[in-house]
Amino acid sequence: QPHTMPDHGVIWAFEIFSASVLAELVNKAVLHPIDTLKARLQYQRAVGTLTQQSAKVVGDVWWKDVARWPVVSDVLAAAALVRAELYPMRALFAGLTPSLIGVFPVSLVYMPTYEISKAYVKGTALEGTPVPAVLTGIASATVRVPVSVVKARMQLQLHKDFFSCVREAVSQKRGVRGLYVGFNAVLLLDITYAAIAFACIEHMRAMAYARKERLEGRPSGEYSVKDLSASTNAMIGFTTGIVTSLITEPIDVIKTRLMAQRTASGSGPVEGAYFGYRGVGHGLMSAIRQEGMLTLWKGSLPRLVIKAFGSSLWFTMYMFFRQLFPSSASE
């Protein structure tokens, strides 16, 4: 018999949404400066200029080759970017407004889609498959792309304010299509990320339940999310962030460049860089051919911080807020 949502379905969904919003607001506000550094590093081409800037930071010629390594180059380039800004904190918090605004529509579909999908497939042939994760990725991409486009262009200082960014995007592409540049990249990224992330979460949660079963003697099926400690939830989120970040970083680099590139037809930000990418596949091949394989992991260090500590922070806060609601006890 297929599993259905709990009898308190409306309240249950509202609790999930509320917990998602609160957790994501905390996450976005705390980690936005690091997200800005990530976007700006991903947008830079892997050329000699970056190495020269990095060499100036460390003041040693022998760093010229070491500075090409992904994590090292991220540290040095980030330092150069911050040093070059007259008002570093203002620059690092550019794009925070669309980021916070986007929390509400994304939270409305992200965890609710996953939780509801998982509830409906339980007890069917689809249980244990990535179907809930795929549906979550599709739903999330649909509402997240416009927010990501505006946020990325403001973080890269291609626009000074929210309204001018939206106005240019809409006018160039004849309507809302201008806000969906890079949709395929975001869709691929979200589906891949969601599939990997939720697989990790479910697997590690099952391992945590099994461990408690061995220690306490209760069947693992009797445990719920309320039985996991904050440290366990934090470790689950941290590990999930590391794994998903490393695997999906190349797609994220191309996504950033697609959203903020100036095209041959003249669309895109007027001051944007011209990469000539026609899509995700073409962008990946072009980046490798022109800049080398390592360029696909530019910005990997700040993204690792965001996804590892961010996932840990978000998941811990999400479970904390969920536990404040009575419905979580019946899951």
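Residue positions begin at 1 at the first shown residue.
From the backbone N, Cα and C atoms, a Cβ is placed for every residue, glycine too.
According to TrEMBL, the feature repeat 'Solcar' maps to 11-120 (among others).
Annotated transmembrane segment per TrEMBL: 91-111 (among others), in sequence order.
Among the features that TrEMBL reports, repeat 'Solcar' is placed at 124-207 (among others).
Look at TrEMBL and you will find 179-201 (among others) tagged as transmembrane segment.
Assigned with DSSP, the residues of the repeat 'Solcar' (228-324) fall into helix, strand and coil as follows: 72 helix, 0 strand, 25 coil. Annotation comment: TrEMBL describes 228-324 (among others) as repeat 'Solcar'.
Note on the transmembrane segment (304-321): residues 18-20, 22-24, 26-27, 30-31, 34-35, 38, 111, 197, 201, 225, 228, 230, 233-238, 240-242, 244-246 of its chain, located 6 or more positions outside it, place their CB under 8 angstroms from a CB of the stretch. Taken from TrEMBL, the feature transmembrane segment applies to 304-321 (among others).
DSSP states for the repeat 'Solcar' (124-207), grouped as helix (H, G, I), strand (E, B) and coil, give 66 helix, 0 strand, 18 coil.
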